[in-house]
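Pulled from Swiss-Prot:
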DOMAIN    2-56  domain 'ClpX-type ZB'
BINDING   15, 18, 37, 40  Zn(2+) binding site
BINDING   120, 121, 122, 123, 124, 125, 126, 127  ATP binding site
């Protein structure tokens, strides 16, 4: 089609749909014996968009995965944490089922089930939230609770979280309202003491108060396209009651709070019960018994805990679990580096003892799965630096001594059928 103002005879042209002349519109597009103006094109686009919106909810309702399907998908990417995956699968399924049925069933209002994840660093809290959002194909954003402050103070306003979510979906409010927000380091905004303070705590209890309404459900007014707020502008209205909030934190020291509550038979003096190290519960076992009172004693306010009714605890990853993480998930770290080396036409092999050494090193650093990448990256750095300049390398082998820093990776050359260290 071409843009036409007049035909060859100089005759005045009109839109075949609305009847407006070429002088009344900005553009007139010509087809075979027919014309359409820019205004009619815009109208057609609006009609199509509205029809897509009406059809989408029915499509979504039929496509809602079951808890078993959600759990199976999490199993593909997250090793261990079986109970946490089951809790998450049920909570997420119920949340989106509530959205698809209009927040109520037979006149009964369905409550919102935000989630609190408790577990040590590198146990998979963030990965679980990211994997869920990717599987459900919903917008996802992360926020760090330590950067948040009350409105009016220097720092990040809690409403900026919603703005980040809108940015992820090009400011489509309907999409944003189906999204997932993960707030990390939530334990760092615990108040500094059990007793309410008369002084302001703008990064602790004050932030909990600011997050209350956002997490429970409110209409957040967000400036369009990330601009600053000013009285004359129109705001985007986002209903946060439809957004799933997942809060996560390590809660270091919470196990001691739980131990004090559960260890009722300690006694004093000659009546004290002496427990050996074998009798003591592990941190993971203690955290699995967490109750709202323990979180209040830790420093979260009761109102905030009430907005996070679903609690899932994650255990510290064992050496065996770390080895599985290196090898088994669909996007396992070893598979990622093997794909990277394949781009150079080189095969990368990790021997079993190398994976064990990587896991032991991560355990010693107490960084969980998060520390695995830095260990592998350090071991492969020199090889990745040299490899593009080397010819005829067919294979690179990583063993235990490479991870320990005692030798260089083994390079196997195709043409000469010799084995050399990359440093030679």
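Just so you know, glycine gets a Cβ as well, placed from its N, Cα and C.
Positions of the features from Swiss-Prot, shown on the structure.
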| residue | record | Cβ neighbours (10 Å) |
| --- | --- | --- |
| 18 | Zn(2+) binding site | 13 |
| 37 | Zn(2+) binding site | 24 |
| 40 | Zn(2+) binding site | 18 |
| 120 | ATP binding site | 21 |
| 121 | ATP binding site | 15 |
| 123 | ATP binding site | 27 |
| 124 | ATP binding site | 28 |
| 125 | ATP binding site | 25 |
| 126 | ATP binding site | 16 |
| 127 | ATP binding site | 20 |
Residues satisfying Cβ distance under 8 Å from residue 122 (ATP binding site), sequence separation of at least 6: 317, 362, 367, 368, 369, 370, 371
Residues satisfying Cβ distance under 8 Å from residue 15 (Zn(2+) binding site), sequence separation of at least 6: 21, 25, 28, 35, 36, 37, 39, 40
Beyond the site residues 120, 121, 122, 123, 124, 125, 126, 127: chain residues whose C-beta lies within 8 Å of the centroid, for ATP: 119, 248, 314, 368, 369, 370
Helix, strand or coil at residue 125 (ATP binding site) [DSSP, three-state]: helix
Sorted by sequence, non-15, 18, 37, 40 residues with Cβ within 8 Å of centre, Zn(2+): 16, 17, 19, 20, 25, 28, 35, 36, 38, 39, 41
Collapsed DSSP category at residue 37 (Zn(2+) binding site): strand
